[in-house]
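Engineer: Here's a structure for you.
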Amino acid sequence: MERVILHSDLNNFYASVECLHRPEIRNKAVAVCGDPAARHGIVLAKNYLAKESGIQTGEVIWQAQQKCPELVVVPPNYPLYLKFSRLARSIYASYTDQVEAFGLDEAWLDVTGSIHIFGSGIEMADEIRERIKLELGVSASVGVSYNKIFAKLGSDMKKPDATTIISKDNFKQTAWPLPASDLLYVGRATCRKFARWGISTIGDIAESDPLVLKARLGKWGEVLWSFANGYDRSPVVAMGEESIIKSVGNSITTPRDLENNEDVLLIIYALSESVAARLREHGFKCRTVHIHVRDKNLFTFGVQGKLLRPGNISNDIAEKAMALFRSHYSWAHPIRSIGVRGCDLIAADSHEQLSLFTDEEKRIKQEKIEATLDTLRCRFGHFSVQRAVLLKDRELGSINPKEEHIIHPLAFFKGGKLP
Amino acid sequence: MMEEKHYCNPDKIYVSVKAVFYPDGGCKPTAVIWEDGREYEINRVTDIRRAASLKAGGVGIRYTCRVGNREVYLFLEEDRWFMEKKGTR
(Lines of atoms letter the chains of each structure in order from A; the text may use other names.)
(Lines give C-alpha, C1' and ligand atoms only; values in the text may rest on other atoms or scores of the structure.)
Protein backbone atom coordinates (compact mmCIF):
# COMPACT_ATOMS: atom_id res chain seq x y z
CA MET A 1 0.00 0.00 0.00
CA GLU A 2 1.21 3.47 -0.83
CA ARG A 3 2.24 5.46 2.21
CA VAL A 4 0.87 8.89 3.01
CA ILE A 5 3.59 11.08 4.49
CA LEU A 6 3.22 14.68 5.57
CA HIS A 7 6.06 17.06 6.24
CA SER A 8 5.12 20.08 8.25
CA ASP A 9 7.38 23.10 8.37
CA LEU A 10 6.57 26.01 10.67
CA ASN A 11 7.29 29.10 8.59
CA ASN A 12 10.08 31.40 9.82
CA PHE A 13 9.63 29.68 13.14
CA TYR A 14 11.64 31.82 15.60
CA ALA A 15 10.64 35.06 13.90
CA SER A 16 6.97 34.07 13.76
CA VAL A 17 6.87 33.24 17.45
CA GLU A 18 8.52 36.57 18.27
CA CYS A 19 6.07 38.46 16.05
CA LEU A 20 3.12 36.74 17.68
CA HIS A 21 4.27 37.85 21.11
CA ARG A 22 5.20 41.37 20.06
CA PRO A 23 2.33 42.84 18.05
CA GLU A 24 4.26 46.12 17.81
CA ILE A 25 6.90 44.63 15.51
CA ARG A 26 4.59 42.47 13.45
CA ASN A 27 4.57 44.80 10.47
CA LYS A 28 8.29 45.46 10.46
CA ALA A 29 11.28 43.56 9.12
CA VAL A 30 12.37 41.34 12.00
CA ALA A 31 15.44 39.17 12.49
CA VAL A 32 16.10 36.94 15.49
CA CYS A 33 19.82 37.16 16.11
CA GLY A 34 22.29 35.70 18.56
CA ASP A 35 24.13 37.86 21.04
CA PRO A 36 26.90 39.85 19.32
CA ALA A 37 28.70 40.41 22.64
CA ALA A 38 29.15 36.65 22.96
CA ARG A 39 30.11 36.50 19.26
CA HIS A 40 26.92 34.73 18.30
CA GLY A 41 25.76 37.73 16.31
CA ILE A 42 24.25 36.07 13.28
CA VAL A 43 20.75 35.98 11.88
CA LEU A 44 19.03 32.85 13.18
CA ALA A 45 15.66 33.54 11.58
CA LYS A 46 13.83 36.34 9.83
CA ASN A 47 10.31 37.18 8.80
CA TYR A 48 9.07 37.72 5.25
CA LEU A 49 9.59 41.48 5.30
CA ALA A 50 13.23 40.93 6.23
CA LYS A 51 13.52 38.22 3.59
CA GLU A 52 12.32 40.72 0.99
CA SER A 53 15.34 42.90 1.70
CA GLY A 54 17.54 39.94 0.85
CA ILE A 55 18.52 39.10 4.41
CA GLN A 56 19.72 35.53 4.79
CA THR A 57 19.93 33.19 7.71
CA GLY A 58 23.51 32.93 8.93
CA GLU A 59 24.45 36.48 7.96
CA VAL A 60 26.12 38.63 10.57
CA ILE A 61 23.98 41.36 12.06
CA TRP A 62 25.75 44.31 10.45
CA GLN A 63 25.43 42.78 6.99
CA ALA A 64 21.72 42.36 7.55
CA GLN A 65 21.41 45.91 8.82
CA GLN A 66 23.18 47.22 5.74
CA LYS A 67 20.58 45.58 3.57
CA CYS A 68 17.74 46.82 5.73
CA PRO A 69 18.58 49.75 8.05
CA GLU A 70 15.19 49.67 9.79
CA LEU A 71 15.57 45.98 10.67
CA VAL A 72 14.29 45.08 14.13
CA VAL A 73 16.81 42.77 15.79
CA VAL A 74 15.49 40.65 18.65
CA PRO A 75 17.35 38.14 20.84
CA PRO A 76 16.24 34.51 20.78
CA ASN A 77 13.96 33.05 23.44
CA TYR A 78 14.64 29.33 23.15
CA PRO A 79 12.41 28.13 25.99
CA LEU A 80 9.46 29.73 24.24
CA TYR A 81 10.37 28.11 20.91
CA LEU A 82 10.67 24.75 22.65
CA LYS A 83 7.20 25.25 24.07
CA PHE A 84 5.77 26.03 20.65
CA SER A 85 7.56 23.06 19.17
CA ARG A 86 5.98 20.83 21.82
CA LEU A 87 2.55 22.31 21.19
CA ALA A 88 2.89 21.71 17.44
CA ARG A 89 3.95 18.16 18.11
CA SER A 90 0.92 17.55 20.29
CA ILE A 91 -1.26 18.66 17.37
CA TYR A 92 0.55 16.19 15.10
CA ALA A 93 0.11 13.50 17.72
CA SER A 94 -3.65 13.73 17.42
CA TYR A 95 -3.38 12.42 13.83
CA THR A 96 -0.72 9.75 14.20
CA ASP A 97 1.78 8.34 16.65
CA GLN A 98 4.41 8.24 13.94
CA VAL A 99 5.88 11.71 14.21
CA GLU A 100 9.53 12.33 13.55
CA ALA A 101 10.88 15.73 14.47
CA PHE A 102 13.53 17.29 12.28
CA GLY A 103 14.79 20.15 14.35
CA LEU A 104 12.38 22.30 16.31
CA ASP A 105 10.24 23.50 13.46
CA GLU A 106 9.92 20.55 11.12
CA ALA A 107 8.37 17.12 11.42
CA TRP A 108 7.37 14.18 9.32
CA LEU A 109 4.08 12.42 9.96
CA ASP A 110 3.19 9.01 8.62
CA VAL A 111 -0.59 9.20 8.42
CA THR A 112 -1.11 6.11 6.26
CA GLY A 113 -3.05 4.44 9.04
CA SER A 114 -5.26 7.43 9.76
CA ILE A 115 -6.80 8.14 6.36
CA HIS A 116 -9.94 6.19 7.19
CA ILE A 117 -10.46 8.31 10.29
CA PHE A 118 -9.45 11.81 9.27
CA GLY A 119 -9.73 11.78 5.48
CA SER A 120 -7.06 12.03 2.81
CA GLY A 121 -3.54 13.29 3.36
CA ILE A 122 -4.48 16.63 1.83
CA GLU A 123 -7.46 17.05 4.13
CA MET A 124 -5.30 16.27 7.14
CA ALA A 125 -2.60 18.65 5.92
CA ASP A 126 -5.12 21.46 5.56
CA GLU A 127 -6.63 20.73 8.96
CA ILE A 128 -3.22 20.69 10.62
CA ARG A 129 -2.32 24.02 9.04
CA GLU A 130 -5.60 25.52 10.19
CA ARG A 131 -5.12 24.26 13.74
CA ILE A 132 -1.56 25.53 13.91
CA LYS A 133 -2.77 28.93 12.77
CA LEU A 134 -5.61 29.10 15.29
CA GLU A 135 -3.99 27.40 18.25
CA LEU A 136 -0.41 28.60 17.91
CA GLY A 137 -0.82 31.82 15.94
CA VAL A 138 1.93 30.88 13.48
CA SER A 139 1.72 29.41 10.00
CA ALA A 140 2.94 26.14 8.57
CA SER A 141 3.62 24.75 5.12
CA VAL A 142 2.80 21.11 4.63
CA GLY A 143 4.01 18.77 1.92
CA VAL A 144 2.00 15.64 1.15
CA SER A 145 3.63 12.73 -0.61
CA TYR A 146 4.32 9.01 -0.60
CA ASN A 147 7.85 9.32 0.77
CA LYS A 148 9.69 11.54 3.22
CA ILE A 149 11.97 13.20 0.68
CA PHE A 150 9.18 14.44 -1.57
CA ALA A 151 7.05 15.43 1.41
CA LYS A 152 9.86 17.68 2.60
CA LEU A 153 10.40 19.01 -0.89
CA GLY A 154 6.69 19.82 -1.05
CA SER A 155 6.65 21.75 2.20
CA ASP A 156 9.49 23.91 0.87
CA MET A 157 7.78 24.71 -2.41
CA LYS A 158 4.96 26.96 -1.36
CA LYS A 159 5.27 29.24 1.67
CA PRO A 160 3.75 30.44 3.88
CA ASP A 161 0.65 28.56 4.96
CA ALA A 162 0.15 26.21 2.02
CA THR A 163 -0.29 22.55 1.23
CA THR A 164 1.69 21.07 -1.66
CA ILE A 165 1.10 17.63 -3.08
CA ILE A 166 3.79 15.61 -4.78
CA SER A 167 2.25 12.35 -5.93
CA LYS A 168 3.43 9.46 -8.06
CA ASP A 169 1.51 11.05 -10.93
CA ASN A 170 2.89 14.54 -10.74
CA PHE A 171 6.38 14.31 -9.27
CA LYS A 172 8.03 14.58 -12.68
CA GLN A 173 6.24 17.86 -13.31
CA THR A 174 6.57 19.29 -9.78
CA ALA A 175 9.80 17.96 -8.27
CA TRP A 176 12.02 17.36 -11.26
CA PRO A 177 12.30 20.97 -12.51
CA LEU A 178 13.54 22.11 -9.07
CA PRO A 179 17.24 22.88 -8.63
CA ALA A 180 19.32 19.95 -7.41
CA SER A 181 20.22 21.88 -4.26
CA ASP A 182 16.60 21.68 -3.07
CA LEU A 183 16.98 17.95 -2.52
CA LEU A 184 17.74 16.93 1.06
CA TYR A 185 21.46 16.21 1.44
CA VAL A 186 22.58 18.01 -1.68
CA GLY A 187 24.81 20.55 -0.03
CA ARG A 188 27.15 23.12 -1.49
CA ALA A 189 29.97 20.67 -2.21
CA THR A 190 27.74 18.14 -3.94
CA CYS A 191 26.05 20.92 -5.85
CA ARG A 192 29.39 22.12 -7.22
CA LYS A 193 30.23 18.61 -8.38
CA PHE A 194 26.82 18.23 -9.99
CA ALA A 195 27.30 21.52 -11.84
CA ARG A 196 30.56 20.24 -13.25
CA TRP A 197 28.79 17.17 -14.61
CA GLY A 198 25.95 19.18 -16.09
CA ILE A 199 23.43 18.19 -13.44
CA SER A 200 21.38 21.18 -12.39
CA THR A 201 17.89 19.92 -11.51
CA ILE A 202 16.45 17.08 -9.46
CA GLY A 203 15.24 15.59 -12.73
CA ASP A 204 18.84 15.55 -13.98
CA ILE A 205 19.86 13.52 -10.93
CA ALA A 206 16.97 11.14 -11.45
CA GLU A 207 17.84 10.56 -15.08
CA SER A 208 21.55 10.02 -14.44
CA ASP A 209 22.98 6.54 -14.38
CA PRO A 210 22.97 5.44 -10.72
CA LEU A 211 26.17 3.46 -11.25
CA VAL A 212 27.97 6.53 -12.53
CA LEU A 213 26.71 8.58 -9.59
CA LYS A 214 27.85 5.85 -7.24
CA ALA A 215 31.28 5.72 -8.84
CA ARG A 216 31.64 9.49 -8.50
CA LEU A 217 30.01 10.21 -5.14
CA GLY A 218 30.23 6.87 -3.40
CA LYS A 219 27.24 5.43 -1.56
CA TRP A 220 25.56 8.80 -1.43
CA GLY A 221 25.42 9.00 -5.22
CA GLU A 222 23.06 6.08 -5.33
CA VAL A 223 21.06 7.36 -2.38
CA LEU A 224 20.54 10.76 -4.00
CA TRP A 225 19.50 9.06 -7.23
CA SER A 226 16.87 7.04 -5.38
CA PHE A 227 15.70 10.18 -3.54
CA ALA A 228 15.25 12.01 -6.85
CA ASN A 229 13.23 9.14 -8.26
CA GLY A 230 10.96 8.89 -5.26
CA TYR A 231 12.33 5.50 -4.21
CA ASP A 232 13.05 6.63 -0.66
CA ARG A 233 11.60 4.04 1.70
CA SER A 234 12.98 5.36 4.98
CA PRO A 235 10.34 5.09 7.68
CA VAL A 236 9.00 7.93 9.76
CA VAL A 237 10.45 7.07 13.13
CA ALA A 238 7.76 6.99 15.77
CA MET A 239 8.90 8.98 18.73
CA GLY A 240 7.67 10.05 22.07
CA GLU A 241 8.14 13.57 23.28
CA GLU A 242 11.82 12.77 23.64
CA SER A 243 13.55 11.74 20.44
CA ILE A 244 15.67 8.63 20.25
CA ILE A 245 19.08 9.75 21.29
CA LYS A 246 22.03 8.52 19.28
CA SER A 247 24.61 10.88 20.63
CA VAL A 248 24.92 13.66 23.16
CA GLY A 249 26.95 16.69 22.28
CA ASN A 250 27.58 20.28 23.15
CA SER A 251 29.47 22.90 21.26
CA ILE A 252 30.15 26.52 21.83
CA THR A 253 31.48 29.56 20.06
CA THR A 254 33.60 30.99 22.83
CA PRO A 255 33.34 34.60 24.02
CA ARG A 256 36.93 35.14 22.85
CA ASP A 257 39.29 33.20 20.59
CA LEU A 258 41.15 30.36 22.28
CA GLU A 259 44.89 30.84 22.07
CA ASN A 260 46.49 27.81 23.70
CA ASN A 261 45.98 24.35 25.15
CA GLU A 262 45.12 25.81 28.52
CA ASP A 263 42.17 27.75 27.12
CA VAL A 264 41.03 24.69 25.24
CA LEU A 265 41.31 22.49 28.31
CA LEU A 266 39.03 24.83 30.18
CA ILE A 267 36.35 24.78 27.51
CA ILE A 268 36.67 21.05 27.03
CA TYR A 269 36.10 20.52 30.75
CA ALA A 270 33.02 22.71 30.68
CA LEU A 271 31.63 20.92 27.62
CA SER A 272 32.52 17.45 28.90
CA GLU A 273 30.79 18.11 32.20
CA SER A 274 27.66 19.02 30.33
CA VAL A 275 27.88 16.02 28.01
CA ALA A 276 28.52 13.68 30.94
CA ALA A 277 25.66 15.15 32.95
CA ARG A 278 23.27 14.80 30.03
CA LEU A 279 24.41 11.23 29.41
CA ARG A 280 23.65 10.42 33.05
CA GLU A 281 20.33 12.22 32.87
CA HIS A 282 19.24 9.99 30.00
CA GLY A 283 20.82 6.84 31.45
CA PHE A 284 23.58 6.37 28.90
CA LYS A 285 27.28 5.76 28.68
CA CYS A 286 29.27 6.55 25.59
CA ARG A 287 31.93 4.42 23.98
CA THR A 288 33.29 7.04 21.62
CA VAL A 289 34.21 10.68 22.05
CA HIS A 290 34.08 13.03 19.11
CA ILE A 291 35.47 16.55 19.01
CA HIS A 292 34.81 19.30 16.57
CA VAL A 293 37.09 22.31 16.17
CA ARG A 294 36.67 25.48 14.15
CA ASP A 295 39.45 28.04 13.91
CA LYS A 296 38.98 31.74 13.45
CA ASN A 297 39.19 31.41 9.66
CA LEU A 298 36.23 29.03 9.93
CA PHE A 299 38.33 26.02 8.96
CA THR A 300 36.63 23.07 10.59
CA PHE A 301 37.54 19.51 11.39
CA GLY A 302 36.28 16.66 13.55
CA VAL A 303 37.97 13.58 14.97
CA GLN A 304 36.81 10.79 17.19
CA GLY A 305 38.35 8.13 19.36
CA LYS A 306 37.18 5.20 21.44
CA LEU A 307 37.21 5.27 25.20
CA LEU A 308 38.97 2.39 26.92
CA ARG A 309 35.62 1.49 28.41
CA PRO A 310 32.16 3.03 28.14
CA GLY A 311 31.68 5.94 30.48
CA ASN A 312 29.65 8.93 31.54
CA ILE A 313 32.20 10.53 33.83
CA SER A 314 33.30 13.98 32.80
CA ASN A 315 36.98 13.36 33.54
CA ASP A 316 37.18 10.39 31.18
CA ILE A 317 35.41 12.25 28.43
CA ALA A 318 37.44 15.41 28.90
CA GLU A 319 40.74 13.54 28.95
CA LYS A 320 39.89 11.67 25.78
CA ALA A 321 38.71 14.87 24.09
CA MET A 322 41.86 16.71 25.12
CA ALA A 323 44.08 13.86 23.91
CA LEU A 324 42.30 13.91 20.56
CA PHE A 325 42.73 17.65 20.37
CA ARG A 326 46.43 17.57 21.26
CA SER A 327 47.23 14.96 18.66
CA HIS A 328 45.29 16.63 15.86
CA TYR A 329 45.72 20.36 16.25
CA SER A 330 48.94 22.21 15.66
CA TRP A 331 47.79 25.72 16.54
CA ALA A 332 47.99 27.20 13.07
CA HIS A 333 45.31 29.69 14.12
CA PRO A 334 43.41 30.62 17.27
CA ILE A 335 40.16 28.72 17.76
CA ARG A 336 36.66 30.10 17.54
CA SER A 337 34.48 27.19 18.48
CA ILE A 338 34.75 23.72 19.94
CA GLY A 339 32.35 20.85 20.36
CA VAL A 340 32.47 17.64 22.38
CA ARG A 341 30.15 14.76 21.67
CA GLY A 342 29.67 11.35 23.20
CA CYS A 343 28.46 8.78 20.67
CA ASP A 344 28.10 5.05 20.30
CA LEU A 345 25.81 5.01 23.31
CA ILE A 346 24.87 2.08 25.51
CA ALA A 347 22.48 1.93 28.41
CA ALA A 348 24.21 2.97 31.64
CA ASP A 349 23.05 -0.09 33.49
CA SER A 350 24.16 -2.63 30.91
CA HIS A 351 26.77 -5.20 31.88
CA GLU A 352 30.36 -4.35 31.37
CA GLN A 353 33.68 -6.05 31.33
CA LEU A 354 35.69 -5.03 34.36
CA SER A 355 39.40 -4.66 34.01
CA LEU A 356 42.00 -6.16 36.27
CA PHE A 357 44.33 -3.27 35.73
CA THR A 358 42.22 -0.26 36.65
CA ASP A 359 41.23 0.83 40.08
CA GLU A 360 37.52 -0.01 40.22
CA GLU A 361 37.04 1.55 43.62
CA LYS A 362 38.34 4.86 42.39
CA ARG A 363 35.99 4.67 39.49
CA ILE A 364 32.99 4.02 41.69
CA LYS A 365 34.02 6.95 43.85
CA GLN A 366 34.19 9.18 40.80
CA GLU A 367 30.74 8.10 39.71
CA LYS A 368 29.43 8.96 43.17
CA ILE A 369 31.07 12.36 43.09
CA GLU A 370 29.50 13.18 39.76
CA ALA A 371 26.07 12.03 40.91
CA THR A 372 26.48 14.27 43.95
CA LEU A 373 27.40 17.17 41.68
CA ASP A 374 24.26 16.59 39.67
CA THR A 375 22.17 16.79 42.83
CA LEU A 376 23.90 19.92 44.08
CA ARG A 377 23.48 21.66 40.75
CA CYS A 378 19.88 20.63 40.52
CA ARG A 379 19.19 22.14 43.94
CA PHE A 380 21.47 25.15 44.01
CA GLY A 381 22.13 26.01 40.39
CA HIS A 382 24.81 25.22 37.89
CA PHE A 383 27.47 27.51 39.30
CA SER A 384 27.13 26.32 42.91
CA VAL A 385 29.94 23.82 42.29
CA GLN A 386 32.67 24.36 39.76
CA ARG A 387 36.01 23.01 38.82
CA ALA A 388 38.83 25.22 40.02
CA VAL A 389 40.25 25.30 36.52
CA LEU A 390 37.16 27.14 35.33
CA LEU A 391 37.82 29.94 37.78
CA LYS A 392 41.14 30.75 36.15
CA ASP A 393 39.44 32.60 33.36
CA ARG A 394 36.11 34.11 34.39
CA GLU A 395 35.10 34.97 30.87
CA LEU A 396 35.57 31.49 29.47
CA GLY A 397 34.69 29.72 32.68
CA SER A 398 31.29 31.33 33.05
CA ILE A 399 29.64 29.45 30.23
CA ASN A 400 26.97 26.91 31.06
CA PRO A 401 26.73 24.58 28.09
CA LYS A 402 24.19 22.27 29.64
CA GLU A 403 21.46 24.84 29.95
CA GLU A 404 22.35 27.51 27.47
CA HIS A 405 23.38 25.70 24.36
CA ILE A 406 20.92 23.40 22.77
CA ILE A 407 21.85 21.68 19.58
CA HIS A 408 18.96 21.21 17.20
CA PRO A 409 19.84 19.75 13.85
CA LEU A 410 19.16 16.04 13.66
CA ALA A 411 20.44 13.58 11.12
CA PHE A 412 17.95 12.31 8.57
CA PHE A 413 19.27 8.81 8.97
CA LYS A 414 19.43 8.41 12.69
CA GLY A 415 22.95 7.62 13.74
CA GLY A 416 24.28 8.55 10.32
CA LYS A 417 23.57 5.12 8.88
CA LEU A 418 22.53 4.76 5.29
CA PRO A 419 19.31 2.88 4.58
CA MET B 1 16.45 25.11 32.14
CA MET B 2 17.11 28.51 30.73
CA GLU B 3 14.41 30.90 31.73
CA GLU B 4 11.72 31.94 29.35
CA LYS B 5 11.56 35.66 28.70
CA HIS B 6 8.21 37.28 29.09
CA TYR B 7 6.97 40.07 26.91
CA CYS B 8 5.25 43.25 27.98
CA ASN B 9 2.41 44.29 25.83
CA PRO B 10 -0.19 46.98 26.55
CA ASP B 11 -2.95 44.86 25.00
CA LYS B 12 -2.21 41.85 27.19
CA ILE B 13 -3.75 42.25 30.62
CA TYR B 14 -2.88 39.67 33.23
CA VAL B 15 -5.83 39.30 35.57
CA SER B 16 -6.78 37.57 38.79
CA VAL B 17 -9.33 34.85 38.32
CA LYS B 18 -11.62 33.01 40.70
CA ALA B 19 -12.17 29.47 39.55
CA VAL B 20 -13.64 26.15 40.56
CA PHE B 21 -11.42 23.12 40.22
CA TYR B 22 -13.34 19.90 39.77
CA PRO B 23 -12.35 16.55 41.24
CA ASP B 24 -11.79 15.17 37.73
CA GLY B 25 -9.15 17.83 37.05
CA GLY B 26 -11.25 20.23 35.03
CA CYS B 27 -11.42 23.90 35.89
CA LYS B 28 -14.00 26.61 35.34
CA PRO B 29 -13.36 30.30 35.89
CA THR B 30 -16.22 31.98 37.80
CA ALA B 31 -15.07 35.57 38.12
CA VAL B 32 -12.43 37.92 36.78
CA ILE B 33 -10.83 40.71 38.76
CA TRP B 34 -9.78 43.41 36.31
CA GLU B 35 -6.59 45.43 36.76
CA ASP B 36 -8.52 48.28 38.45
CA GLY B 37 -9.80 45.87 41.13
CA ARG B 38 -13.35 45.57 39.90
CA GLU B 39 -14.74 42.06 39.95
CA TYR B 40 -16.84 40.68 37.11
CA GLU B 41 -18.86 37.53 37.47
CA ILE B 42 -18.69 35.02 34.63
CA ASN B 43 -22.23 33.86 33.87
CA ARG B 44 -21.35 31.09 31.52
CA VAL B 45 -18.40 29.51 29.76
CA THR B 46 -19.53 28.73 26.24
CA ASP B 47 -16.37 27.32 24.69
CA ILE B 48 -12.97 26.00 25.76
CA ARG B 49 -10.19 25.40 23.26
CA ARG B 50 -6.51 25.99 22.63
CA ALA B 51 -6.05 29.24 20.79
CA ALA B 52 -3.60 31.99 20.01
CA SER B 53 -4.34 35.61 20.77
CA LEU B 54 -2.97 37.77 17.98
CA LYS B 55 -4.11 40.94 19.70
CA ALA B 56 -2.49 40.24 23.05
CA GLY B 57 0.35 38.15 21.71
CA GLY B 58 0.34 34.73 23.30
CA VAL B 59 -1.18 31.28 23.30
CA GLY B 60 -3.08 29.23 25.82
CA ILE B 61 -6.37 27.61 26.64
CA ARG B 62 -9.08 30.04 25.63
CA TYR B 63 -12.30 30.23 27.64
CA THR B 64 -15.09 32.02 25.88
CA CYS B 65 -17.00 33.63 28.74
CA ARG B 66 -20.26 35.48 29.02
CA VAL B 67 -19.83 38.44 31.36
CA GLY B 68 -22.99 40.51 31.72
CA ASN B 69 -24.25 40.47 28.17
CA ARG B 70 -20.81 40.56 26.59
CA GLU B 71 -18.72 37.71 25.32
CA VAL B 72 -15.07 37.88 26.28
CA TYR B 73 -12.03 35.66 25.87
CA LEU B 74 -10.08 34.58 28.90
CA PHE B 75 -6.77 32.84 28.25
CA LEU B 76 -4.96 30.46 30.56
CA GLU B 77 -1.29 30.75 29.63
CA GLU B 78 0.41 27.99 31.59
CA ASP B 79 -0.25 29.24 35.13
CA ARG B 80 -1.35 32.80 34.40
CA TRP B 81 -4.60 34.18 33.11
CA PHE B 82 -4.77 37.03 30.65
CA MET B 83 -7.34 38.98 28.67
CA GLU B 84 -7.13 41.12 25.61
CA LYS B 85 -7.67 44.82 26.02
CA LYS B 86 -11.06 45.92 24.72
CA GLY B 87 -11.81 46.44 21.06
CA THR B 88 -10.50 43.01 20.25
CA ARG B 89 -13.28 41.18 18.57
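First residue shown is number 1, and so on along the chain.
The backbone N, Cα and C atoms fix where each Cβ goes, glycine too.
Unlike curated records, TrEMBL annotations are generated automatically.
Okay, these came from TrEMBL:
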- A:5-187: domain 'UmuC' (DOMAIN)
- A:Asp9, A:Asp105: Mg(2+) binding site (BINDING)
- A:Tyr14: site 'Substrate discrimination' (SITE)
- A:Glu106: active site (ACT_SITE)
Engineer: Among all protein chains shown, how many Cβ atoms are found within 10 Å of the Cβ of A:Asp105 (Mg(2+) binding site), not counting that one?
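Structural biologist: Neighbour count, Cβ to Cβ under the 10 Å cut-off: 23.
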Engineer: Can you check what DSSP calls A:Tyr14 (site 'Substrate discrimination'), collapsed to helix, strand or coil?
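Structural biologist: DSSP call for A:Tyr14 (site 'Substrate discrimination'): helix.
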Engineer: What does DSSP say about A:Asp9 (Mg(2+) binding site): helix, strand or coil?
Structural biologist: strand
Engineer: Give the distance between the Cα atoms of A:Asp105 (Mg(2+) binding site) and A:Tyr14 (site 'Substrate discrimination'), rounded to the nearest whole Å.
Structural biologist: 9
Engineer: Neighbour count, 10 Å Cβ-Cβ cut-off, for A:Tyr14 (site 'Substrate discrimination'): what number do you get?
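Structural biologist: Excluding its own Cβ, A:Tyr14 (site 'Substrate discrimination') sees 27 Cβ atoms within 10 Å.
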Engineer: Cα-Cα, whole number of Å: the residue listed as 'active site' versus A:Asp9 (Mg(2+) binding site)?
Structural biologist: 5
Engineer: DSSP on the residue listed as 'active site', three-state: which is it?
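Structural biologist: The residue in question, the residue listed as 'active site', is strand (DSSP, three-state).
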Engineer: Can you count the other CB atoms that lie within 10 A of the CB of the residue listed as 'active site'?
Structural biologist: 21
